[in-house]
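Trainee: Okay, handing you the structure first.
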Amino acid sequence: MTSGVEGDMESGEGVSNVRNNMFKDWCGQFRSSNPSMARYVYGLLFLVANLLAWAARDYGHGPLTELERFKGCHGTKDCFGTEGVLRVSLGCFTFFIIMFLSTMGTKKLHVARDLWHSGWWSIKIILLIALTAIPFLVPAPFILLYGEIAHFGAGVFLLIQLISVISFIKWLNDCCESDKYSEKCHIHVMLLATTAYLVCIVGIILMYIWYVPEPSCLLNIFFITWTLVLLQLMTSVSLHPKVNAGFLTPGLMGLYVVFICWCAIRSEPAGGRCNRKAEASNHTDWLTIISFVIALLAMVIATFSTGIDSQCFQFKKNDSKSEDDVPYGYGFFHFVFATGAMYFAMLLIGWNTHHPMKKWTIDVGWTSTWVRIVNEWLAVCVYLWMLVAPMLWKWREFGGIP
């Protein structure tokens, strides 16, 4: 009987030791130079900065009014919320710009800049906290100037994200059309392309139903109809005999532009008769809170996925990589997060430093709507250029253009 108890105790201790060893190994990932684990830590820090900016906007009116530096707001709570977001954004931006300057050009593992990128977390966390606190001591005019500059930084982020998405779609299409997978993926490509087009059509129909309740909603009619025209244009150019890019890429790009159009119309402020869903979501409920959390997480994930996609911005592809090469571009990674810090500020203030934002809302306002629409049109232009440019270069090479 005693031996049985001792056996149970030994087995329990064995399980405990295994768990302790697993925990130590997991913690060791952060102490050692592990760039794959480091990017998740940076993503977590970025998420914390987003949550802090949101808290400063929605719940920081009381503490912020105690700061003498905020006297330029004249006691308006919307000004306090906007400046709180911009101050947190400035601290996050400064941190990632410092990381960008100190890690750009890193090519090999286990060098000083690699160790700085993948380790020294205690120092970097203290640095981030200090850089987040310092902007709250900066005069209001400087913060508003940063808010104007952040418009351009957020635009750079959207452009980088756009090129990353298009490059992924092109990579997926090239992979499916390669000699290795062309026969295996033929049916899958047709099913995926057909599904993409069906979702696009259903999405456009639903937008007409939800956001065009009256014939007088001319702006929404224009947005949705023009998205349908752009979908047809992308398909026609892609299927042109001299381009011959197939159905998959325009179908996936169609999903992207339809999604952007939907986001743009949803960004229209409540109060208009053409956006009744915005009016219905004017009251804070569990669905509004869930939508806000999903939007915030989606923005963080988009920043993270774009940051590790530095390959699409390399003019010369390096297929032969050695074991000691870095797995992704550290400088590009931090630059994307720096512009992402400006982007989340614009989302939380509606791209307008003088625009009041309600609690649990994100990216709402006419400025946000037009930013989304312009982003949609730019996406189509970039995609069409990527299709047509190779044909133009070949034409010029053979003397078609003087």
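Glycine is treated like the rest: Cβ placed from N, Cα and C.
So TrEMBL has the following annotated:
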type	residues	note
TRANSMEM	40-59	transmembrane segment
TRANSMEM	80-101	transmembrane segment
TRANSMEM	121-145	transmembrane segment
TRANSMEM	152-169	transmembrane segment
TRANSMEM	189-211	transmembrane segment
TRANSMEM	218-239	transmembrane segment
TRANSMEM	245-265	transmembrane segment
TRANSMEM	286-308	transmembrane segment
TRANSMEM	328-352	transmembrane segment
TRANSMEM	373-393	transmembrane segment
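I'd like to know what surrounds each of these features in this structure.
Mentor: Through the fold, the transmembrane segment (152-169) approaches residues 93, 248-249, 252-253, 256, 302-303, 305-306, 309, 311-313, 336, 338-343, 345-346, 351, 371, 375, 378-379, 382-383, 386 of its own chain, all at least 6 residues removed from its boundaries and within a Cβ separation under 8 Å.
Residues 176, 217, 220-221, 224, 227-228, 231, 246-248, 251-252, 254-255, 258-259, 261-262, 265, 274-277 of the same chain sit 6 or more residues outside the transmembrane segment (189-211) yet have a Cβ under 8 Å from a Cβ within it.
Long-range contacts of the transmembrane segment (218-239) within the same chain: residues 200, 204, 207-208, 211-212, 245-247, 249-251, 253-254, 257-258, 261, 264-265, 268, 274-275, 373, 376-377, 380, 383-384, 387-388, each at least 6 residues beyond the stretch ends and with a Cβ under 8 Å from a Cβ of the stretch.
Tertiary neighbourhood of the transmembrane segment (286-308): same-chain residues 39, 43, 46-47, 50-51, 54, 157, 160-161, 164, 328, 332-334, 336-337, 340, 343-344, 347, 360-363, selected by CB-CB distance under 8 Å and a gap of 6+ residues from either end.
Long-range contacts of the transmembrane segment (373-393) within the same chain: residues 158-159, 162-163, 165-166, 170, 223, 227, 230, 233-234, 237-238, 242-243, 245, 249, 253, 256-257, 260-261, 264, 401, each at least 6 residues beyond the stretch ends and with a Cβ under 8 Å from a Cβ of the stretch.
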Trainee: Taking contact to mean three or more C-beta pairs under 8 angstroms, with sequence separation of 6 or more, is the transmembrane segment (121-145) in contact with the transmembrane segment (328-352)?
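Mentor: Touching, no - the transmembrane segment (121-145) and the transmembrane segment (328-352) miss the threshold of 3 or more Cβ pairs under 8 Å.
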Trainee: Is it the case that the transmembrane segment (80-101) and the transmembrane segment (40-59) have 3 or more CB pairs under 8 Å, with pairs at least 6 apart in sequence?
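Mentor: Yes, these stretches are in contact.
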